[in-house]
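Engineer: A single structure is presented below for examination.
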Amino acid sequence: MAVGSVPADGAGRRPNEANRKLKYISLAVLVVQNASLILSIRYVRTLPGDRFFATSAVVMAEVLKLITCLLIILVQKRGNLKEMALFLYDHIVVQYADTLKLAVPSLIYTLQNNLQYVAISNLPAATFQVTYQLKILTTALFSVLMLRKTLSKLQWLSLLLLFLGVAIVQVQQEGKKESVSESSDQNYTVGLVAVVVSCLSSGFAGVYFEKILKGSAASVWVRNVQLGIFGTALGLLGMWWKNGEEVAEHGFLFGYTPAVYSVILNQAFGGLLVALVVKYADNILKGFATSFSIIVSTVTSIYLFAFQVDLLFSAGAALVMGAVYMYSLPKAGTPAAPPPPPSKEDSLIPKSVLID
Ligand code: C5P
């Protein structure tokens, strides 16, 4: 069976067509979004002039996600504010234990979203993209530990290849390290630590979120409202802790340009896309999409930042992508996991218009 193809369920039915379409559309859009986010963060963080506070950008992205999810829920409730308020009260306040579960990934994602700025500000865009693919390894490890997934020998081998590919790119970068730190204020080691911690947090938070999302009936939009509430609060705390005095002096929107706003929009949109991809596909297919985005951002980097692709970089990147492909091959004799049950609450369309 081809990777990503969807089997009929026990009763011989095909999952609803809308869900299948959403799965492929969300994956395809994720490829483009991922590549453009990395490139645009790199662009705005390396421009001369006033530098915006990355911590405030993280808060803005959380608020945007929160507002978007609330608007989607309002559309689902056919514009009925009272119905929406009761629905949210029930899901967020009455079922508070359920809401509290989202504090964990929220804290981790807030840390990760801040670290992403640190990493991209200190590493070339393509190096960041390739090294960040190590999150496929951490995702696999956390899936085995937390979701009790089993991996085939081929999949373990592909993880080794992934390591090798990332290591080759690191060796290639090592040669340029001195010239980079001499010629600018970028610190390669800081960037590398930030990206490795991001990989750990991405793997854990991704699997934790997948477990919560697929283990309950609550919609992806409600989950993201819960995530956004914590994300905004924690993001503000992070901003106060790291840039409190500067923000008080220069203002929350210091250094914001149209390019910065577009990065924030992109990040918020990407977060919601990740949630949809985890819901309709899974973390493995998400890895596939992001590996394609390496090609897109590398090729674009050549034009935008004069990044030089040599043989070693190409070999490393090819290994990473080959490994992602191998990892995603279906295990012999094991049917692919069934897709999540269609959930009317996940749709953008009001319930009454939906036909299963
Ligand atoms: O690199 P990775 O795939 O781990 O990035 C996940 C991103 O998606 C983070 O920026 C996180 O804040 C965001 N996200 C989200 N809502 C979810 C899951 C992830 O906004 N439900």
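Cβ coordinates come from backbone N, Cα and C, glycine included.
Dumping what TrEMBL says about this protein:
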type	residues	note
REGION	335-356	region 'Disordered'
TRANSMEM	22-41	transmembrane segment
TRANSMEM	53-75	transmembrane segment
TRANSMEM	154-171	transmembrane segment
TRANSMEM	191-209	transmembrane segment
TRANSMEM	221-241	transmembrane segment
TRANSMEM	253-278	transmembrane segment
TRANSMEM	285-305	transmembrane segment
TRANSMEM	311-329	transmembrane segment
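Tell me about the setting of these features in this model.
Structural biologist: Sequence-distant neighbours of the transmembrane segment (191-209) (same chain, 6+ residues past either end, Cβ-Cβ under 8 Å): 104-105, 108-109, 111-112, 115-116, 118-123, 128, 131-132, 134-135, 137-143, 146-147, 170, 223, 227, 274-275, 278, 283, 286.
Within the chain carrying the transmembrane segment (285-305), a Cβ under 8 angstroms from the stretch's Cβ atoms is held by residues 3-4, 23, 27-28, 30-36, 38-39, 42-43, 46, 124-126, 129-130, 132-133, 135-136, 139, 206, 274, 277-278, 317, 320-321, 324-325, 327-328, all 6 or more beyond its ends.
Away from its own ends, the transmembrane segment (311-329) comes close to residues 3, 126, 130, 133, 136, 140, 154-155, 157-162, 164-169, 171-172, 284-285, 287-288, 291-292, 294-295, 298 of its chain (Cβ-Cβ under 8 Å, at least six residues beyond either end).
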Engineer: I'm a bit unsure how to read this: which one of 154-171, 221-241, 253-278 has the highest number of Cβ pairs shorter than 8 Å with the transmembrane segment (22-41)?
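Structural biologist: Checked against 154-171, 221-241, 253-278; highest Cβ contact count belongs to 253-278.
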Engineer: Same chain only, please: residues at least 6 beyond the ends of the transmembrane segment (253-278) with a C-beta under 8 Å from a C-beta of the stretch. Say none if there are none.
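Structural biologist: Tertiary neighbours of the transmembrane segment (253-278) are 22-23, 26-27, 29-30, 33-34, 36-37, 40-41, 43-44, 47, 49-53, 56-57, 60-62, 64-65, 68-69, 109, 113, 206, 209-210, 213, 220, 223-224, 246-247, 285-286, 289.
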